[in-house]
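Enquirer: Pasting a structure below so you can have a look.
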C-alpha cells in the first residue's frame with residue numbers, strides 16, 4: 001500500500017510539473033525572446049533618431065466626433081502612420097509641455113492635450129541602470145503608438161469642442177512638475193471657454209480638472225470623454241496565459257473586466273452603460289495606463305477594436321451629459337494613472353481617491369487570497385532584511401512552522417508505517433496468491449496501528465497552492481522585477497542565468513535555452529534527490545526508476561522558472577529533510593538516507609551458476 005501511495009504521489013507530481021512546464025516555460029521563453037527583439041528595435045530607432053532629428057511627416061489624427069453628446073467617441077485616428085518616423089521626429093511635430101517628476105519624464109502634446117510621450121525614470125529595460133528607461137507612452141504616428149486623451153463631445157449648439165485636433169493654449173507655467181500644475185485654455189466660435197488644469201503627483205497619477213464656461217447666449221449640452229488608445233498589439237501580449245495583458249476595467253456592479261487582444265478582435269465592441277464607480281485602461285505585465293472618472297457619477301465604458309489602416313485597441317469612457325446655461329460654468333474632474341503597477345502605490349490610490357477595486361489592476365490570479373497576503377508578508381520581511389531573496393527564505397521557514405502540525409502528523413504516520421514494514425512483508429508473503437485478502441489484512445493493520453497510508457500526500461497537496469501563489473508573486477509584481485539575491489542572481493523574477501553545459505560561463509560559447517541548467521536548479525535537484533532517498537527504495541522496478549529520474553526531470557523543468565521560485569523549492573526541500581529526520585529519530589525509526597546512498601554505488605552480486 002505504501003508503494004502504491006508513493007507511486008500515485010510521483011505520478012501526480014509528474015503530471016503537475018508537465019503542466020507547469022507547458023504554461024510557465026513555453027510562455028516566458030517566448031516572452032523573453034520578444035522582449036529582447038523589442039529592446040533591439042528601440043535601440044535601432046534611437047540610433048536612427050540621432051542621425052536624423054529633422055525628419056517630419058504629417059500624420060493628423062482625425063476622429064469622427066459624434067453629433068449626439070450621449071454617444072461614445074467615434075473611431076478616432078483613421079489615418080495610417082505614413083512614412084516611418086523616429087520618436088524624436090514624431091514628438092517634434094507638435095508644440096509640447098515638458099513633464100518632469102521623480103518618477104516620470106516626457107511631454108504633453110498640446111494638439112489634443114494628449115499624453116503620448118512618457119518614460120518611467122525608475123525602471124530600465126535590463127538589470128543595468130545604463131540600459132534605456134522604460135518607454136510607456138508613444139505618439140500615435142509611431143507603429144507602437146500608445147496614448148491617453150481627454151476631450152468633449154457636443155452638437156451644433158456647442159460648436160467645435162476640444163477633441164484630438166484641438167490646439168490648446170498654455171497659460172503661465174509650461175513645465176508640469178508635482179509642485180507646478182499647468183493650465184490650458186481653448187475658446188470656440190460659440191463663446192464656450194474650456195479651461196484645463198493638469199497636475200501630477202510624485203508617482204504616476206495625473207489629475208485633470210476641466211471647467212466649461214458658457215459666455216454665449218444659449219444653453220449647451222456636452223459630455224466629457226476619455227480614451228486610452230494603443231496601435232498594434234504589443235509583441236509580448238500573447239506570450240503567456242499566466243497573467244492578463246490587454247484591455248481592462250472595473251464597470252460598477254459588473255466588476256472586473258479583462259479583455260484579451262484576441263477577444264476584442266472577435267467582438268469589436270463591448271460596452272457598459274450607466275456605470276457608477278470604476279475605471280478603464282490598458283495593462284501590460286508591469287505597466288498600465290488607465291482613466292478614472294468621478295466615482296459617484298454615471299459613465300459609459302467601452303472596449304473597442306478598429307482595423308482601418310492599422311489595428312487599434314481602445315478603452316474609453318463617456319460621462320453623463322453636462323448642461324451649461326449662459327453665464328454659468330460646469331466642472332468635471334478625471335484622473336489618469338500612467339506608470340508602474342507598484343502594489344502599495346496602487347493600494348494607496350484606491351484608498352485615497354476611493355477608486356473602485358483599483359487593486360485589481362494587478363493580476364493576483366485564482367489564488368489571490370493566498371497570493372496577495374504572501375506578497376505583503378514578503379514585502380514586510382524585506383523591510384528588515386533588505387533582500388527579497390532572504391525574505392523568501394524567511395517566509396518559507398514561517399510556512400513550515402505554520403504547517404508543522406500537518407507535516408508532523410504526516411511524518412509520524414510514515415514513521416509508523418516503516419516500523420510496520422516487517423508485519424506488512426509478512427502479510428504480503430502470507431497472502432501472495434490472494435490480493436483481496438492481502439488488501440483486507442493491510443487495512444486491518446492500518447486501522448489497528450492508527451496509520452493513514454495517504455498521510456504523506458497532505459504536505460504535497462498543501463504546497464501546490466503555495467507554489468502557485470509564490471510563482472504569481474514573482475511573476476507579476478514589479479517589486480520582484482530585477483530584485484537581486486546574492487552572487488550571480490541579479491533578478492529573482494528571471495531564470496538562473498548560468499549553465500552547467502558551459503561550466504557556468506567558463507567555456508566561451510552560448511548554450512541553447514533548453515540546456516540552461518543553472519546552479520540553483522542543480523541544488524534544487526540534489527535536495528529533492530536527498531529527500532526522496534530518506535525512504536527505502538520501492539521494490540517495484542518501475543517505481544524505483546521513477547523515483548530515480550524524478551529529480552533529474554524536475555531539475556530540467558524548473559531551470560526555466562524564476563530563480564526565486566527555484567531557491568524557495570531548494571530551501572523548502574532542505575527544511576523538509578531536517579524536519580523529517582528529527583521526527584523519524586524521535587519515533588525510533590532508522591533514517592535510510594545514508595544506506596540508500598551507499599546502495600546506489602554498491603555492486604549487485606552476480607547470481608551463482610546452477
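Cβ from N, Cα, C; glycine included.
The model shown is predicted, which means the values in this text are computed figures rather than measured ones.
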Enquirer: Which is it, of 337-357, 358-378, 421-441, 484-504, that Swiss-Prot names as transmembrane segment?
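Expert: Going through 337-357, 358-378, 421-441, 484-504 one by one, Swiss-Prot gives transmembrane segment for 358-378.
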Enquirer: Kindly point out the range from 546-566, 567-587, 588-608 that Swiss-Prot annotates with transmembrane segment.
Expert: 546-566
Enquirer: Is the transmembrane segment (358-378) packed against any residues at least 6 beyond its ends, judged by a Cβ distance under 8 Å, and which are they?
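Expert: Those are 242-244, 248, 250, 256, 258, 279, 281, 283, 288, 290, 292, 337, 341, 343, 346-347, 349-350, 388, 391-392, 395, 398, 465-466, 468-470, 472-473, 476-477, 479, in sequence order.
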Enquirer: State the residues, same chain only, that lie 6 or more residues beyond the ends of the transmembrane segment (510-530) and have a CB under 8 A from a CB inside it; answer 'none' if no residue qualifies.
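Expert: Sequence-remote neighbours of the transmembrane segment (510-530) are 29, 488-489, 495-502, 504, 550-552, 554-556, 558-560, 563, 566-567, 569-570, 573-574, 577, 593.
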Enquirer: Could you pull out which residues elsewhere in the chain have a CB under 8 Å from any CB of the transmembrane segment (458-478), counting only those six or more residues past its ends?
Expert: 9, 12-13, 16, 24, 28, 123, 242-243, 285-286, 340-343, 362-367, 370-371, 374-375, 378, 392, 399, 403, 406-407, 409-410, 492-493, 561-562, 564-565, 568-569, 572, 576
Enquirer: Sort out the residues at least 6 away from either end of the transmembrane segment (387-407), same chain, that have Cβ-Cβ distances under 8 Å to it, and list them.
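Expert: Non-local partners: 374, 377-379, 381, 458-459, 462, 466, 470, 479-480, 483-486, 489, 492, 564, 567-568, 571-572, 575-576, 579.
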